[in-house]
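Student: Please find one structure pasted underneath; my questions will follow.
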Amino acid sequence: MALRFPRFSQGLAQDPTTRRIWFGIATAHDFESHDDITEERLYQNIFASHFGQLAIIFLWTSGNLFHVAWQGNFESWVQDPLHVRPIAHAIWDPHFGQPAVEAFTRGGALGPVNIAYSGVYQWWYTIGLRTNEDLYTGALFLLFLSAISLIAGWLHLQPKWKPSVSWFKNAESRLNHHLSGLFGVSSLAWTGHLVHVAIPASRGEYVRWNNFLDVLPHPQGLGPLFTGQWNLYAQNPDSSSHLFGTAEGAGTAILTLLGGFHPQTQSLWLTDIAHHHLAIAFIFLVAGHMYRTNFGIGHSMKDLLDAHIPPGGRLGRGHKGLYDTINNSLHFQLGLALASLGVITSLVAQHMYSLPAYAFIAQDFTTQAALYTHHQYIAGFIMTGAFAHGAIFFIRDYNPEQNEDNVLARMLDHKEAIISHLSWASLFLGFHTLGLYVHNDVMLAFGTPEKQILIEPIFAQWIQSAHGKTSYGFDVLLSSTTGPAFNAGRSIWLPGWLNAVNENSNSLFLTIGPGDFLVHHAIALGLHTTTLILVKGALDARGSKLMPDKKDFGYSFPCDGPGRGGTCDISAWDAFYLAVFWMLNTIGWVTFYWHWKHITLWQGNVSQFNESSTYLMGWLRDYLWLNSSQLINGYNPFGMNSLSVWAWMFLFGHLVWATGFMFLISWRGYWQELIETLAWAHERTPLANLIRWRDKPVALSIVQARLVGLAHFSVGYIFTYAAFLIASTSGKFG
């Protein structure tokens, strides 16, 4: 009996129903709730599992390199990045016979293949990889790192190598090591790689270990560094006629401030990127020496936070008590980490397309669309997770005595004001934005488009103008040709920036109008509503006027029994659950907007977006319906084409999405009756009744069914849009 799953909970292991399996899976990673857990074991388990996570990541990236080297066309892509389609891997068994084999044999391959829309070819090319041998070497190195990570994870579970709790709670040492070691040293190492390998490769020079010490990355070597003539490293940059990967038009500079894009690759100058990483390395190496550890000098985090008491007394005791609260709560730390990572991931999405760092990626439209969408969805899930763990912190880890009258306590004290303000903002945005869209819809329907309410986003246009965009005629700051900022920008810093901002061949500061104004406010509505639900869930997690003892019921409870009305749907988990729907909804609008604006830009018919995006029917007809036509045509009476797999995924995504509602709408009683009927039939069916199981089948709990429904809804939603996005973009641009 003792060895039944789950071993971490004897209570669950003895459960005679299938609840044992589902609750076991649900709580497998909730180490805090396991039998015999101690604080020390909790920290050690999490620490060891991080190594496992790293091993999986290294194995996965190794697999990417290996499959491209084995089955891809990297070497022929390198010869002509704009016209050869990059291959991700082969397709072993193309269904549907010869037509499928022909449809999927592309990119110069001998058999059916998948095309890569991840941007890895452009990335590897930019950082100096050129041959399949390079890719195999990288794959083997990452495989080695994966093995090392697994060994390290195992090692740190052995008694002699288990770190103590005090080691995990040494905030200053952790800050120093993460800032200097993780960010500082790795940024410096990356600068080294760019300067010694990638920049020479972009100029046609092949640097590897065998000639690494013979090839000077700069004609004067380390001379300028030691003599203080650092500006020499910026002299003679690549010319505007430079052909990437060759010596033609190449310069000798290694650290520059050119600004703008390389004319041929439409990506940031590699020498600018190296300079950026060197600056980051310097900042973080300094930052990693600021906190007090062995030598009694530097900042103490506790002293810093305790000293943060606003002089006017308007924020009470400020940050007093926060050090111990944060340092003793893994959920608080995880919440902060997820919030930061979520914002960074969304920023990655925004910057990867507007300031592309990888050569030729800007001309690979499907990859641009896929990467933007991918990073925005990831950001959404991570950000909602931040609030979930914030709520768990309030339930499990928050100590009111320790935080008396500090900023945390005051957040809880005036939560009504916070929640009602967010509610007001959401209602205002929602009614006004929908009102404008619906008004415009009606005007179009009645044949009077001139009666639409079209609002120019003048403040946003003014901000774009301040950054140098001249087409609006605002004549302010960088767009004022007579101003000192403009003149300095021409010579001292980033001379390429102003050209880039005013060129129409990139995605920097796209021209905006009334359609952008409306969808911007629709997205603002989504963001504020998602935030409202998440913030309310966290701030009410300990209790509310309706249910003052809520924290005693834990993070996820369905209701407090039948005798206490109004306690259903108000657990902190329910808030997270509802917020994920709004998050998906919002990112849907974000990605629709990005994609439609860009396909009209790439096709040269921006007027279609400008004219159709001001009313709802325009979005439905001219974006969704018009662009799904290729998708619905993946299979037709005349055979099939290379979009057929996306057509299938589009259908399959809808199916998964719709299945979600089956779990979301019907509750336990329905399923319990169905299960008992099926079990009855099973026991009376010859042959089938030879198979028996020990656990009595029971329906999922309310909370579990919601999770399963939410998972299907999310996965189906993303599958459907991914298929639409990739098929509609690749169908147009290849």
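The backbone N, Cα and C atoms fix where each Cβ goes, glycine too.
The feature transmembrane segment is assigned by Swiss-Prot to 46-69, 135-158, 175-199, 273-291, 330-353, 369-395, 417-439, 517-535, 575-596, 643-665, 707-727, with sequence analysis given as support. Residues or ranges marked as [4Fe-4S] cluster binding site by Swiss-Prot: Cys559, Cys568. Residues annotated as chlorophyll a B1 binding site in Swiss-Prot, with sequence analysis given as evidence: His654. What Swiss-Prot records for Met662, Tyr670 is chlorophyll a B3 binding site, and it gives sequence analysis as the kind of evidence. As annotated by Swiss-Prot, phylloquinone binding site applies to Trp671.
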Student: Could you name the stretch, out of 46-69, 369-395, 417-439, with the greatest number of CB pairs under 8 A to the transmembrane segment (575-596)?
Tutor: 369-395
Student: In DSSP terms, helix, strand or coil for Cys568 ([4Fe-4S] cluster binding site)?
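Tutor: Once the DSSP labels are grouped into three classes, Cys568 ([4Fe-4S] cluster binding site) ends up as coil.
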Student: When only pairs 6 or more apart in sequence are counted, do the transmembrane segment (369-395) and the transmembrane segment (175-199) reach 3 or more Cβ pairs under 8 Å?
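Tutor: These two stretches do not touch.
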Student: In sequence order, what residues of the same chain, 6+ apart, have a Cβ less than 8 Å from the Cβ of Cys559 ([4Fe-4S] cluster binding site)?
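Tutor: Once residues fewer than 6 apart are set aside, Cys559 ([4Fe-4S] cluster binding site) is near Thr567, Cys568, Asp569, Ile702.
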Student: Does anything in the same chain, at least 6 positions from Tyr670 (chlorophyll a B3 binding site), have a Cβ under 8 Å from its Cβ, and if so what?
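Tutor: When sequence neighbours closer than 6 are ignored, Tyr670 (chlorophyll a B3 binding site) has nothing within Cβ distance under 8 Å.
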Student: Given a Cβ distance threshold of under 8 angstroms, which distant residues of the chain, six or more beyond its ends, lie next to the transmembrane segment (417-439)?
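Tutor: The answer is 411, 452-453, 455, 518, 521-522, 524-525, 528-529, 531-532, 535-536, 539-540, 614-616.
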Student: When you measure from the Cβ of Met662 (chlorophyll a B3 binding site), which residues in the chain that are at least 6 apart have a Cβ under 8 Å away?
Tutor: Gly709
Student: Between Trp671 (phylloquinone binding site) and the residue listed as 'chlorophyll a B1 binding site', how far is it from one CA atom to the other, in Å?
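Tutor: A Cα-Cα distance of 23 Å.
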Student: For Trp671 (phylloquinone binding site), just count the other CB atoms lying within 10 A of its CB, please.
Tutor: 17
Student: Near the residue listed as 'chlorophyll a B1 binding site', which residues of its chain come within a Cβ-Cβ distance under 8 Å, counting only those 6 or more away in sequence?
Tutor: Gly716, Thr720
Student: Relative to the Cβ position of Cys568 ([4Fe-4S] cluster binding site), how many further Cβ atoms are located within 10 Å?
Tutor: 14
